[in-house]
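Undergrad: My questions will all concern the structure given below.
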């Protein structure tokens, strides 16, 4: 158990590197999924385009959503975006930084899928086989086919075993033509994604370094504050449950032994320690008030002496200074003089 705890703490302290590794694994998994995928073009006019573009675009969209789902900061971003204003303002630049950071990681696996799909060429061949320029690549001497019949023949180009239009255009020529276009689009897409990644990762901090550091700092603060709040709530709940259960069993033992005289027992050390961790919140209504106040009006990010929680939120206003007590000798001298 200690080893798992150490591993969990290591992953929490290196969350950014861990998420980058997860995105890389998802990218490799997407490439393996495509290589293991059994691509079967329907070879029918009207269906080829839908099937080819569906394989090209639908799995990347699913992988993009999975990239967001596996990122823990999604809930942090949604909570920070939807929470009431309260006593702590919301900085739009921090929210934009968090969203852009999550989007960059979530785009890795879809980009790999699209790149592998375009470089392979099967989707483009299936989707656009009816758009092959027969006048340029085919035999222009064969005539007599209507537009619909020609599309019916060209739609079977990806299905070599049932293709019957060798006299119109050779199957190998059409497939090679479409695959070359697909590979050219694939390399252009790889170049575009690489250029965008370079611009985002390298040039953006150079132009707005101060704003970039501010957004990065407060995004880390929001994430760490949420984790510490969850840990504090879990610790308080554990201590609260321990004290409640201990008091229940002590009350039951007192009722069962009502006719007998027993010396009072000293409270166990662990229960006393748990009671100290309750931080003054010892009933259900107070705890609900604290949780609602934390959601509606978080304390401002300004360090000051601890303030009490009022009914309207955090009473962080400055209190009037407390007058020092008057020495007893001065009071006695005053009344004796009077």
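Keep in mind that glycine also has a Cβ here, set from the backbone N, Cα and C atoms.
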Undergrad: When you get a sec, could you say which of 289-308, 309-328 is annotated region 'Disordered' by TrEMBL?
TA: 309-328
Undergrad: According to TrEMBL, which of these ranges is transmembrane segment: 144-163, 164-183, 184-203, 204-223?
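TA: Residues 184-203 are the ones TrEMBL records as transmembrane segment.
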Undergrad: Counting only residues 6 or more past its boundaries, what in the same chain has a CB within less than 8 Å of a CB in the transmembrane segment (49-69)?
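TA: Result: 23, 26, 30, 33-34, 37, 39, 41-42, 102, 105-111, 113-114, 117-118, 122-128, 130.
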